[in-house]
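What TrEMBL records for this protein:
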ACT_SITE  A:Glu17  active site
ACT_SITE  A:Ser153  active site
ACT_SITE  A:Ser288  active site
BINDING   A:Asp264, A:Glu277  Mg(2+) 1 binding site
BINDING   A:Glu277, A:Asn279  Mg(2+) 2 binding site
DOMAIN    A:103-310  domain 'ATP-grasp'
Amino acid sequence: MSDIGHVLVLAGGLSYEREVSIRSGRRVAEALRSAGVDVEIRDTDATLVPAVLSDPPDVAFVTLHGGAGEDGAIRSVLELLGVPYVGATPDACRVAYDKPTAKAVVRSWGLNTPDSVALPKETFHDLGAAAVLGRIVDRLGLPLFVKPSRGGSALGASIVRTAEELPAAMVGCFAYGDTTLIEKYVEGVEVSVSVVDLGDGPVALPPVEIVADGGVYDYAARYTAGRTEFFAPARLTQEATEACAAMAVAAHAALGLRDLSRTDIIVDETGRPYFLEVNVAPGMTETSLLPMAVEAGGRDLGALCTSLLEVAVRRG
Amino acid sequence: MTKELDHGRTNAAQGSRIDAYVDRYAARAAGMVASEIRALFAVASRPEVVSLAGGMPYVTALPLDLVGELVADLVATRGSVALQYGSGQGDLALREQICEVMRMEGIEAGPDDVVVTVGSQQALDLITRIFIDPGDVVLAEGPSYVGALGTFSAYQAKVVHIAMDDHGLIPESLEETISAVQAAGERIKFLYTIPTFQNPAGVTLNEVRRRQVLEICRRAGVLVVEDNPYGLLGFDREPLRAMRADDPEGVVYLGSFSKTLAPGFRVGWALAPHAVRQKLVLAMESAVLSHSSFTQLAVGQYLATQPWREQIKSFRELYRERRDAMLAALDVLMPPGCTWTRPGGGFFVWATLPEGLDSKAMLPRAVAERVAFVPGTGFYTDGDGKRHMRLSYCYPEPDRIREGVRRLAGVVEQELQLRDTFGTGSMPGHVGVDTPGPDLA
């Protein structure tokens, strides 16, 4: 057995990504067990706090996606309980999880990100949707990418190619959140760069290129094996690969993240990368990008997770 | 050697699709994909959420200690039979008992024409397997039971929906549809109908229409598959006469103990004309060799030793109370413009939303407000059903039902505001299955 002690993997929760989180949690737990780690997997419900108080784990691995898992809430609770955990602090999570805020921060660090506007649904209600949407199309042009300001797995996200498609996209977006992020859509190669920091500074893993059938990397494309073709490492030139790696590491640093993160990037036709968003609790399922990057980097997921837990334990 | 392409990209090795068999699946597997709507039901399984989505019977109401004793006794006294292979047609004694159960709905039949199946779902699968070639037409009510639609789709049948109203399937619509399909040169293999306390609509085909439907199908040479899982769960009257009772040669009848006893036994059956029954038995053997002897004998023992008719009455009382709670809450709480059916039995209410709303777009918000339902689109194969949702009252207790409807009403109000803001309540389409798995409460 490993000497990390008793590891608590948190998975499930009440966010829309509960199912994905449960799969991520099981995958991480399995990888850790195969590395000889003593693992317990738990949902975040009313039994969590009493259970942790009566039998405190030595360290926690958060595989909760969306909501409390990524907005810092669960990490705050872990701090209250005195349990070290893998990943970013609550403060950093709050900033990173809110996509418009994260974009503003990375842009202030000089990173390139598509022009966008973020608006709560009340604005459309109070000022009139047609007028506001018309102005957005005028300013940002078409196509656009519409997504909730928080959340993941492409839930509520859609590409808008004509102004007529915009109202339905807004309804789909507001189904999953109360604020929308409307971004200029950049055509290009979709890549995802995972960053890990095992105590020697953040390092980018090989970028993973995503080619979804039909061109849209939606929920079905993400979680149905076979619906998307992945290239790890991405089919990028050395220069573009390095630019993506630098962008992911810079975003990790700019947002004050720790241990691991995953940055989603679009590389346009000139080879220029655009920051789209960052994930503080990246998916760990069989079709998720971080495990692919780990493998492409010649590492073992269980060994990597164990190293991340060791870092967290040392940090205390 | 790599070649430089656009996007600062090189032409490198082949990618991975995670699935080594991606090019080898049968065409019928094409629709089997992950669905964001289905993923939402994972949240609905948490106790914080009032689930009006699933169709799980309330088995807690059973005398579980007695069932436990009965099962223990079965293993102790008849274990060598209960734990052995059985016949493809099913245990004879149970088939005789099934005939007694069907007599409550006016059916006179012998055990030779009964095939015991793994729930009535397997009977549906076997019937579809022996009748359907890809492209054949199955007629089904619109909306219809999602499990049946899934089976038809797995065998690549083309489903054509027949309109319904508060009295069930509309005979004129059936007649017109049969003519139109036949005029188009397509082959109709059977009509699939749930005439009593329909899933999901909650409505019941009245007696006059039952005769009309049978007559129309007889004239057109269309077999009727009568699925009747809820027939004994009427709240206000004695069980209706089954369609099969009036047309033994024109109807395959599907029955189940899932709602009158417990779905965990997975015991259902098909009653079919002799020639069809023969093929069903062979199809059954090729599918699973034989049903579980253990659960068949357990159900047989239960029927032989327990007051099962009384148990069904107590289920009726329980579900009636829940139906009443749901209808009363809907009456008081739902915003104007919403309508719903008033089921006389069974598990489900079918609700219609105001013009322009999309129940699928509404579900994520509902889950955030801790209430779940099934969007109507899951009950159609043609994309219809957006304005509808299925609300089930079988599992939550009355107080929870009222709370669930209160939350749901608030969600509908929010959707109305969104519709008014954007001039549409619909979201962009998505792929995948829109209904929960069978284990959701």
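Glycine too: its Cβ is placed from the backbone N, Cα and C atoms.
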- Query: Counting only residues 6+ apart in the same chain, whose Cβ is under 8 Å from the Cβ of A:Glu277 (Mg(2+) 1 binding site)?
  - Reply: A:Lys99, A:Ala102, A:Lys103, A:Thr263, A:Asp264
- Distance, A:Ser153 (active site) to A:Ser288 (active site) (CA atoms, angstrom): 10
- Collapsed DSSP category at A:Glu277 (Mg(2+) 1 binding site): strand
- Query: Could you state the CA-to-CA distance between A:Asn279 (Mg(2+) 2 binding site) and A:Ser153 (active site) to the nearest Å?
  - Reply: 11
- Query: Under a three-state reduction of DSSP output, how is A:Glu17 (active site) classified: helix, strand, or coil?
  - Reply: coil
- Using a Cβ-Cβ cut-off under 8 angstroms and a sequence gap of six or more, which residues of the chain neighbour A:Ser153 (active site)? A:Tyr16, A:Glu17, A:Val20, A:His65, A:Gly66, A:Tyr219, A:Arg222, A:Tyr223, A:Gly283
- Minimal Cβ count within 10 Å, across the recorded positions A:Glu17, A:Asp264, points to A:Asp264
- Task: Compute the average pLDDT of the predicted model within the domain 'ATP-grasp' (A:103-310).
- Result: 95
- Message: Tell me the coarse DSSP state (helix, strand, coil) of A:Ser288 (active site).
- Response: coil
